[in-house]
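Now, the feature entries from TrEMBL:
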type	residues	note
DOMAIN	B:74-264	domain 'ABC transmembrane type-1'
TRANSMEM	B:12-33	transmembrane segment
TRANSMEM	B:78-98	transmembrane segment
TRANSMEM	B:110-130	transmembrane segment
TRANSMEM	B:142-160	transmembrane segment
TRANSMEM	B:197-220	transmembrane segment
TRANSMEM	B:243-264	transmembrane segment
């Protein structure tokens, strides 16, 4: 009797989660499975029925792709430079907005606004601001005697400009840091103040360790985001000038939709998935040494 | 220096710092507003003037003239966002009930998979999804944008589950004693108590759908079916030298989210805290 009831309850459970099971199967398992399969064929179009198995050829040829190396280097730049810069920017903004002054809530609202701007609108705004002839940025800088800069047309500047754009829309990360900062117990600061420690020291000995779980979280999210950098690069300068903002995902997109080589695009997607998984895993492992969790011995 | 002057000094310093950084963050938005209100000729002045000579809304006329589909795209974005919101609320809350109120071995094995799918990089799924939607003949329809939302998105399931976990089980027990079943508990007890999380999810799902670019960009080719985001991208190509009209287009795409944010800031902030991202 009891067993039958339990079995009945289990089927009710499956009824409740049925939407997710269908969605997970249809929109994840099946497409991912078939695409991994495709990566080892020479299928050029998504609906191809006529294709051959070619083993690892796509993966070998991927390395010979003329834009592969460039796109990988650009992506590594975004990860290596962008992640630390954006995370530090978020943390500084978090500290700034955690200051105890009247009207701070209003300031917080304004800092968060850019995060809610659709990416295409963001790009329009940035083109207006960074326009070398008529933009407000160069006009503002000329007051300080800085000459006209071609922000979007320079191979050396386009990646920093995109990283800056990420800081502009970093409101979500700032919110996470803000919440973490509020959770640091006040009495810890009082204790070190009695010991005569400076604010800077208090930051490194108390704040940083106490919010380290949030830092890890933001670093992982940022790392995944920058490995997948594409939309900003596509919309701002179409990956240019001269491929300076041409990223790995851009190359996947081009292989699939311009070169019409879907199996090749899939091979690259698997490669990217492997890299992201590996890096996230290493970050988690490394973090065991640096991240402090409250209540842990 | 006395303690109070010192304090006044540091207070002023704090405001000065906040205001400078604020100018950097709000500046680009202000520049958009200013550009939008200028005449085309004014935007070709070098050095540019900070403010328009007079308030001029011609840019909007030109915008709708160059791109008569603007209204349609705005409507499309609203329809898609609303359909996604309804689907997310219905499906995610039901699935989340399953993952929060049952206890069996399957639940403990399946829920980690839900969490895992939250970590899958979307760009890795870009090509596989496209292949799937091509085979389903869903490309160039709204189905790829809407149907997945009706089948339980991992983020929203997680959001609902966290909330349901905090509702005491005593209420469930009382309902069972009154002869209720699982569905009565869900629809009469849990859901009515979940208004805050429903609100958060409504707003969150709406904002995320409105902001989505890559989905509609990949799956929709027919101009008339575009969302506003993808439409604006087309507009950049069409009239890249008409700065006021472009600024007006950007402005229009920001307004709905901006208004929502003003009235429902609390829920957006909550959503970010719970899931750690805006999409």
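Backbone N, Cα and C define each Cβ position, glycine as well.
Tallying C-beta pairs under 8 angstroms between the transmembrane segment (B:197-220) and each of B:12-33, B:78-98, B:110-130, B:142-160 places B:78-98 first.
Ranking B:110-130, B:142-160, B:243-264 by CB pairs under 8 A with the transmembrane segment (B:12-33) puts B:243-264 at the top. Within the chain, the transmembrane segment (B:142-160) has long-range Cβ neighbours (under 8 A, six or more residues past its boundaries) at 76, 80, 83-84, 87-88, 90-97, 99-100, 114-115, 117-118, 129, 133, 136, 194, 197, 200-201, 204-205, 209, 212, 215-216, 219-220, 225, 227, 271, 274-275.
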